[in-house]
Amino acid sequence: RLLHRVMRPDDANVAGNVHGGTVLKMIEEAGTIISTRHCNSQAGEPCVAVLARVERTDFLSPMCIGEVANVSAEITYTSKHSVEVQVTVLSENILTGAKRVTNKATLWYVPLSLKNVNKVVEVPAMQYTHKEQEDEGRKRYEEQKLDRLETKQRNGDVIVPVIGPAEPHTVGYSQSSLIHLVGPSDCTLLGFVHGGVTMKLMDEVAGIVAARHCKTNIVTASVDAINFHEKIKKGSVITISGRMTFTSNKSMEIEVFVDADPFVDEPQERYRAVSAFFTYVSLSKEGKPLPVPQLLVESEEEKRRFEEGKGRYLQTKAKRQAQLQQAAQP
């Protein structure tokens, strides 16, 4: 599946760089189309594929206004009740024809019945070119399943509003929230929010946190796994909250939660719907990386989250160095 779209001014920030959330939304649209088609490719109960998880996504190169985004999606693994989709985004300069890879992402979808939104239907089996392809896919499936479970167990955490003024470069100074009423245009055929809509709002909040901390132009560098824990119904009010957790010399990690308040006539209380960590970098007017102000941690909880963020940062750095060394080997 291939999508094409010209990047417009309303897709970008004041510096002309396309918002990471806009790219994430396009990635999710391509994944939804190909996975829904696959899940309805055989005779059976009609269904719609909904996003359950996005693996770590790196923004390899900024996309600019006027460039064309070429988004291609491929199904790479299926389990009994889920579909793995790998998406690649190319940015094309239509004046010169030059293309470059800006994003690669792996998404997991679950098919829900059109007749019963709480029923997960079976996924048609995928034909693999070789057994190793299936074995590698099964390993990825088990890893993401375990990580989803661990993430859900941490979801009791909340972001408490700051009362009164806060010192610059503290967690309280930059933390931000956005409240959004879920309307029909935000939703799928089942009446639940599109994953891409949610991710775009999350990136917007994370970007505000990063800009408040740096007071410079900022861009999304990467997103750790985004886990969709619960569906969000049309008519719900969602609160997207973000806070700084860690800073290195050149990057910032921001934790983002999405909490949903269901219909007023429903007994269900507010619940955690989505969670993720976004990483941003600070850029000069010329697009060059700038040093990031050190995050000032005050409470024991903030210190704990900083150390956890540092661990994720070092782990990612070590993995990237290992990949570079492996690529350099003859």
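Heads up, the Cβ atoms here are built off N, Cα and C, so glycines get one too.
A TrEMBL annotation is a machine prediction, not a hand-curated record.
According to TrEMBL, the active site annotation covers ASN13, ASP203. Residues or ranges marked as compositional bias 'Basic and acidic residues' by TrEMBL: 301-311. Among the features that TrEMBL reports, compositional bias 'Low complexity' is placed at 312-330. As annotated by TrEMBL, domain 'HotDog ACOT-type' applies to 1-115, 172-286. The region 'Disordered' annotation in TrEMBL covers 301-330.
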Just to be sure I understand the packing, how many Cβ atoms besides its own are within 10 Å of the Cβ of ASN13 (active site)?
16
Tell me the Cβ contacts of ASP203 (active site) under 8 Å, same chain only and six or more apart in sequence, or just say none.
HIS19, GLY20, GLY21, LEU24, THR220, VAL223, PHE278
